[in-house]
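Here's the structure, in structure tokens; my notes come after.
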Amino acid sequence: MAHGNAPRDSYHLVGISFFILGLGTLLPWNFFITAIPYFQGRLAGTNSSAETPSTNHTSPTDTFNFNNWVTLLSQLPLLLFTLLNSFLYQCIPESVRILGSLLAILLLFALTAALVKVDLSPGLFFSITMASVWFINSFCAVLQGSLFGQLGTMPSTYSTLFLSGQGLAGIFAALAMLTSLASGVDPQTSALGYFITPCVGILLSIICYLSLPHLKFARYYLTKKPQAPVQELETKAELLGADEKNGIPVSPQQAGPTLDLDPEKELELGLEEPQKPGKPSVFVVFRKIWLTALCLVLVFTVTLSVFPAITAMVTTSSNSPGKWSQFFNPICCFLLFNVMDWLGRSLTSYFLWPDEDSQLLPLLVCLRFLFVPLFMLCHVPQRARLPIIFWQDAYFITFMLLFAISNGYFVSLTMCLAPRQVLPHEREVAGALMTFFLALGLSCGASLSFLFKALL
């Protein structure tokens, strides 16, 4: 069918729905890591969210290694379900996967909010929280993969809106934390309000998903979905690797350069090329993109090895106990990272440098390892071995700015270059491989964070 026969997206309701769904897929991860001060305050034995980044890192609560565990248990499900996607998608209907995941995430986040009012021992609170983190992020992995499958049937604009929603999830969480801190209410009420916020976001996501079958525009495209459930994984791969000109942002902190995935154009091309090539070999495709895939792994390994495990421990060097000490980490760590990461991913919509034939990319990616010692030598009061060299706040802010924008740019660049290194009929496999290596890099970085934390 031609696009001219498609109904209009009245009031952009479908676009808004997919934007909110994108936001909902990454709200859990971002709200957990942004609330590290609250969790460390609870693990110190106090039911308070008043613990600020400037106070909680000097307490013995870091014996739980909360920062490290929340990162690892958030990323391992992504790696696991990347491997299980094909089997899972064939066994469970799409609507059950999406709606069931959203409801499970809502209930688990409601539990997290309820625990604000419940006095628990630090050990029990840690165990319950880690279990919630694992299951919430497992459902998020299923949800994200399933929604990518739906987006494969929609015009590319809706892929962009979905990814833009993901990109703003981290910024939204940081702003929610700042609002909570600035509210002036008691710490417990502030924490309760903070954790209710993502519950509202997930509830809106459920409403948006349930509304899609009632919107003519959504029905027009979603009914063209292939019958075989396994196609959802393939569509996800195509979404990741279809555009040769724009960046493809996929990570715990996403954003939205333009994607060029048009199902109508694909149908037209299919009619023009009746003789399709044989199924591409995974090994052959891997040989073509292995260096780009390695770069993607290294980018996320560096990022997750210090963010948020080390960066969330950095405090202001100011001796005054004023507002700046309370707002320093939420602003300079989480808000700055998410804004600059989003900016870095967006840059690939305008230029791609270095290109796929350049050997400069691996060198630039490896240079990011310098951020590990730089952050470890910043003002982290709780340390036993390394000295503090970069005392001033300006050092940390500068490092974070470069760290975040380089993460966003190189992630988007590698996801963009991979499909350019293979033949058109191999891009699907290339996208699937890059998805796996993305998850591998996240898990490797989360695992390394334990080592770097121990070296402080």
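Backbone N, Cα and C atoms are what each Cβ position is placed from, and that goes for glycine too.
For ASN47 (among others), the entry in Swiss-Prot reads N-linked glycosylation site.
Look at Swiss-Prot and you will find ASN56 (among others) tagged as N-linked glycosylation site.
The phosphoserine annotation in Swiss-Prot covers SER251.
Mean pLDDT for the topological domain 'Cytoplasmic' (1-12) in the predicted structure: 73. What Swiss-Prot lists as topological domain 'Cytoplasmic' is 1-12 (among others).
Marked as topological domain 'Extracellular' by Swiss-Prot: 30-68 (among others).
According to Swiss-Prot, the topological domain 'Cytoplasmic' annotation covers 94-97 (among others).
The annotation topological domain 'Extracellular' is assigned in Swiss-Prot to 117-124 (among others) on the grounds of sequence analysis.
Taken from Swiss-Prot, the feature topological domain 'Cytoplasmic' applies to 144-160 (among others), supported by sequence analysis.
Among the features that Swiss-Prot reports, topological domain 'Extracellular' is placed at 186-192 (among others).
Taken from Swiss-Prot, the feature topological domain 'Cytoplasmic' applies to 214-291 (among others), supported by sequence analysis.
Counting same-chain residues at least six beyond the ends of the topological domain 'Extracellular' (312-323), those with a Cβ under 8 angstroms from any Cβ of the stretch are 33, 36, 53-54, 57, 62, 67, 329, 332-334, 375, 378-382, 391-393, 396. Taken from Swiss-Prot, the feature topological domain 'Extracellular' covers 312-323 (among others).
According to Swiss-Prot, the feature topological domain 'Cytoplasmic' maps to 343-359 (among others).
The topological domain 'Extracellular' annotation in Swiss-Prot covers 379-393 (among others) and rests on sequence analysis. Same-chain residues lying 6 or more positions outside the topological domain 'Extracellular' (379-393) and placing a CB less than 8 Å from one of its CB atoms are 57-58, 62, 310, 313-318, 328, 332, 399, 455-456.
Residues or ranges marked as topological domain 'Cytoplasmic' in Swiss-Prot (evidence: sequence analysis): 414-431 (among others).
For the topological domain 'Extracellular' (453-456), same-chain residues at least 6 beyond its ends with a Cβ under 8 Å from one of its own Cβ atoms are 62, 65, 67-68, 309-310, 376, 380, 382-386. Annotated topological domain 'Extracellular' per Swiss-Prot: 453-456 (among others), in sequence order, evidence recorded as sequence analysis.
Here the transmembrane segment (13-29) has Cβ contacts under 8 Å with residues 74, 102, 105, 109, 136-137, 140, 143-144, 147, 151, 154, 157-158, 161-166, 168-170, 172-173, 198, 201-202, 204-205, 208-209, 211-212, 215, 217-218, 252-254 of the same chain, all six or more residues outside its ends. Annotation comment: Swiss-Prot describes 13-29 (among others) as transmembrane segment.
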Same-chain Cβ contacts of the transmembrane segment (394-413) under 8 Å, 6 or more residues past its ends? 247-251, 253, 255, 257, 295-296, 299-300, 302-303, 307, 311, 314, 332-333, 336-348, 352-353, 361, 364-365, 368, 371, 374-375, 378-379, 438
Could you give the number of helix, strand and coil residues in the topological domain 'Cytoplasmic' (343-359) as assigned by DSSP? 5 helix, 0 strand, 12 coil
Dominant neighbour of the transmembrane segment (69-93) in 292-311, 360-378, 432-452, by Cβ pairs under 8 Å: 432-452
Tally of DSSP helical, extended and coil residues in the topological domain 'Extracellular' (453-456): 3 helix, 0 strand, 1 coil
Result, the transmembrane segment (292-311) in contact with the transmembrane segment (360-378) (3+ CB pairs under 8 Å): yes
Between the stretches 161-185, 292-311, 324-342, which wins on the count of C-beta pairs under 8 angstroms to the transmembrane segment (432-452)? 292-311
